[in-house]
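**Student:** If you look up Swiss-Prot, you'll see 1-20 marked as signal peptide. The feature domain 'UPAR/Ly6' is assigned by Swiss-Prot to 28-114. The disulfide bond annotation in Swiss-Prot covers C30-C60, C33-C41, C48-C84, C87-C104, C105-C111. Look at Swiss-Prot and you will find N57 tagged as N-linked glycosylation site.
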Amino acid sequence: MFQKLLLSVFIILLMDVGERVLTFNLLRHCNLCSHYDGFKCRNGMKSCWKFDLWTQNRTCTTENYYYYDRFTGLYLFRYAKLNCKPCAPGMYQMFHDLLRETFCCIDRNYCNDGTANLDTSSILIEDMNQKKELNDD
């Protein structure tokens, strides 16, 4: 009996969304990378998932790290972390010269792609997205 129940739960969770099937997404998929340099993931891009049921837990998180440049007086982008942790947006001064900025997104799957960085040019991001679309086809 338990095996049939478990099988039915997995069928519902992994069911393909089509026009004949009335489903809603129970899972949120996010990118997972511990060192994203603004262009690519240094240690390999992975994915993670979480249940998309509770409003406070359905976000994908991007943590941008900035270091303070003494010569210019500006915080410059260093790297980003992409993950599935519960998110609290905002800025946090980690050390005297390291700042962490956290972005949360809930609009779609894999929405934490590292493009929420203000130091990256929008022209470069559009070019990266076009290359990605061409490679996906």
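Just so it is clear, glycine is given a Cβ too, placed from its N, Cα and C backbone atoms.
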**Student:** Looking at the disulfide-bonded residues C41, C48, C84, whose Cα is closest in space to that of C105 (disulfide bond)?
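**Tutor:** Of the disulfide-bonded residues C41, C48, C84, C84 has its Cα closest to that of C105 (disulfide bond).
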**Student:** What same-chain residues, at least 6 away in sequence, bring their CB to under 8 Å of the CB of C60 (disulfide bond)?
**Tutor:** R28, C30, N31, L82, N83, C84, C87, C104, C105, I106, Y110, C111, N112
**Student:** I'm trying to understand the geometry here, so how far is the Cα atom of C33 (disulfide bond) from the Cα atom of C48 (disulfide bond), in Å to the nearest whole number?
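**Tutor:** Here the two Cα atoms lie 10 Å apart.
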**Student:** Counting by DSSP, what is the helix, strand and coil composition of the domain 'UPAR/Ly6' (28-114)?
**Tutor:** 0 helix, 50 strand, 37 coil
**Student:** Within the chain of C41 (disulfide bond), which residues six or more apart in sequence place their C-beta under 8 angstroms from its C-beta?
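**Tutor:** Non-local contacts for C41 (disulfide bond): C33, H35, L82.
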**Student:** How many other Cβ atoms are found within 10 Å of the Cβ atom of C105 (disulfide bond), counting all protein chains shown?
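**Tutor:** Taking every protein chain into account, the count is 18.
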**Student:** Tell me, how many other CB atoms lie within 10 A of the CB of C104 (disulfide bond), whichever protein chain they belong to?
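**Tutor:** Its Cβ has 18 other Cβ atoms within 10 Å.
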